Amino acid sequence: MASFISFLLLAALIGMASWQAIAAEPSPLQDFCVADLNSAVRVNGFACKNPTNVSADDFFKAAMLDKPRDTAVNKVGSNITLINVMEIPGLNTLGISIVRVDYAPLGLNPPHTHPRATEIFTVLEGTLYVGFVTSNPDNKLFSKVLNKGDVFVFPKGLIHFQFNLDPHKPAIATSAISSQNPGIITIANAVFRSNPPISDDILAKAFQVDKKIIDLLQA
C-alpha cells in the first residue's frame, strides 16, 4: 500500500513538472522561423516560411527610424512607429520589437498597456514624465522624470504613459519590447470607443458620473 501511495505521489510530481515545462514558449529548435504572413495555418504566432525561400530582406526594413515623425496626426501629440513581426517577418518567434515615439511639445503617449510584453524605454531627446500603475488592489503609481539618455522599464501588462513636459520643444524616445507582437490597448479607446459601444449605464456606474458625461466621451 505504501509503495502504491509513493507511486501516486511520484506521478503527481511528474505531472506538475510537465505542466510547468510547457507553460513557457519553448526554446528555438532552428536558427529562425521567418513568418509566412500569407499562410492559412493558424497557430499562436505565424507559421514558418520555407527556409529555402528566406532572404536577407526577411530580416530587414528601411524604417528610417532616424527621421522625425509628424506629431500632428492626432490630438494627443504623439506618433508611434512600431517595428514588429508584421514589418520584419524574421522577428517571428524571436520575442522582440522596437518602437520610436515622437512627442510634440506637451505631447502625450496616453495610458495604455502591452498585454504580451515588457518594455524598456530610452529617452533620445527632451524631458519626459513617465509612469506605470500596479494592479488591484494597490493601484500604486511609479513615476519618474526622464532626461536624454535615461532608461525606464514598464512591466508586462501594466498601464503606463509618457508625457513631454516641455511646452516648446519636441521629444523623442525609443523602446525595446519583449515580444514580436506585443499588442497595445489604449485605455480610453478601449473603454469609450469599443465596437460595439459599452453601455453608458455600465460606464456611468463604473466611473460614478452622469450618463451625459459618458455620452460625451463616447461621441
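Every residue, even glycine, has its Cβ placed from backbone N, Cα and C.
What you are looking at is a predicted structure, and each value in this text was computed from that prediction instead of being measured.
Among the features that Swiss-Prot reports, Mn(2+) binding site is placed at His112, His114, Glu119, His160, with the record citing similarity to another entry. Taken from Swiss-Prot, the feature disulfide bond applies to Cys33-Cys48, supported by similarity to another entry. The domain 'Cupin type-1' annotation in Swiss-Prot covers 63-215. Residues or ranges marked as signal peptide in Swiss-Prot: 1-23.
Overlay of Swiss-Prot annotations on the structure.
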{"residue": "Cys33", "record": "disulfide bond", "Cβ contacts under 8 Å, 6 or more apart": "Cys48, Lys49, Asn92, Thr93"}
{"residue": "His112", "record": "Mn(2+) binding site", "Cβ contacts under 8 Å, 6 or more apart": "Ile159, His160, Phe161, Ile184, Ile185, Thr186, Ile187"}
{"residue": "His114", "record": "Mn(2+) binding site", "Cβ contacts under 8 Å, 6 or more apart": "Phe154, Lys156, Gly157, Ile177, Ser179, Pro182, Gly183, Ile184, Ile185"}
{"residue": "Glu119", "record": "Mn(2+) binding site", "Cβ contacts under 8 Å, 6 or more apart": "Val99, Val153, Phe154, His160, Ser175, Ala176, Ile177, Ser178, Pro182"}
- Query: Fewest neighbouring Cβ atoms within 10 Å: which of the recorded positions Cys48, His160?
  - Reply: Cys48
- Would you mind giving the whole-number mean pLDDT across the domain 'Cupin type-1' (63-215)? 97
- Task: Starting from the Mn(2+) site formed by His112, His114, Glu119, His160, give every other residue of that chain whose CB sits within 8 Å of the mean position of their CB atoms, in sequence order.
- Result: Thr113, Ala117, Phe132, Phe154, Leu158, Ile159, Pro182, Ile184
